[in-house]
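> Here's the feature list from Swiss-Prot:
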BINDING   149, 150, 151, 152, 153, 154, 155, 156  ADP binding site
């Protein structure tokens, strides 16, 4: 088999077409003479120039054109020039449309945008883990939003849930023995979300927690004095920061997260109006 000249054509980046082409060529034990990629092809002028070049060099065209009008024009032009052409997407899109009775979106680059969203989500999850429970106060400056609250207000699971939405979240525990990070006062208060809970619910949760680890009644963790002290510190800090505060009492993680997302959406809308 002689080394082929392959021209990859796409109305997006062309990465998919090139990857498939290289995979196919590997089955023949061949490295192509070259694979030349033409990306973001969306006009008759571009199509004619490309096909003419391929014809002169006795090459073949492999394409993943999504836009139907561009795809049809490329196929017809290649046939007119006698250029071999492989349409990777057309037959598949047509079959899927017939099978599922829905029209394709015809939006180039959707796989790439979905990949970017996936990697952003992974990065957000890693960020949440690295900045969990106040372990890295400097992360506050890089966070999209910061959750503050006393122990047992679901800061960690909420951080992970919001990270799945692609948000970079830091959570900071508010305890009497720990100094409040200076970074909290360096960011926009709109990026801070306080999580409060009723004294009765918190007492019950902490008592159940002590029982679950075999230490019922141990220490001051679930004592009225300790809980009153922590709640007072939180309320004072939230007031000083002038941040949004959400009551998580008797709420599931998903419910609280959705309320946070609604609040975040309101902030975005407000900024767009400015």
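From the backbone N, Cα and C atoms, a Cβ is placed for every residue, glycine too.
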> Near the Cβ of residue 154 (ADP binding site), how many other Cβ atoms are there if near means within 10 Å?
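Taking every protein chain into account, the count is 20.
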> Let's check the environment of residue 153 (ADP binding site): how many other CB atoms sit within 10 Å of its CB?
26
> May I ask you to report the DSSP-based helix, strand or coil state of residue 156 (ADP binding site)?
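For residue 156 (ADP binding site) - judged by DSSP and reduced to three states - the answer is helix.
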> When you tally the Cβ atoms that lie within 10 Å of each candidate's Cβ, which of the binding-site residues (152, 155) has the highest tally?
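Compared across 152, 155, the most Cβ atoms within 10 Å surround 155.
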> At a 10 Å cut-off from the C-beta of residue 149 (ADP binding site), count the other C-beta atoms across all protein chains.
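Other Cβ atoms within 10 Å of residue 149 (ADP binding site): 24.
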> For residue 156 (ADP binding site), which residues in the same chain are close in space, meaning a Cβ under 8 Å from its Cβ, but six or more apart along the sequence?
132, 133, 171
> Within 10 Å of the Cβ of residue 150 (ADP binding site), how many other Cβ atoms can you find? Include all protein chains, please.
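Residue 150 (ADP binding site) is surrounded by 22 other Cβ atoms within 10 Å.
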> Count the other Cβ atoms sitting within 10 Å of the Cβ of residue 151 (ADP binding site), across every protein chain shown.
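Excluding its own Cβ, the number within 10 Å is 17.
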> Other than 149, 150, 151, 152, 153, 154, 155, 156 themselves, what residues in this chain have Cβ atoms within 8 Å of the centroid of the ADP site's Cβ atoms?
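For the ADP site the neighbour list reads 171, 173, 195, 197.
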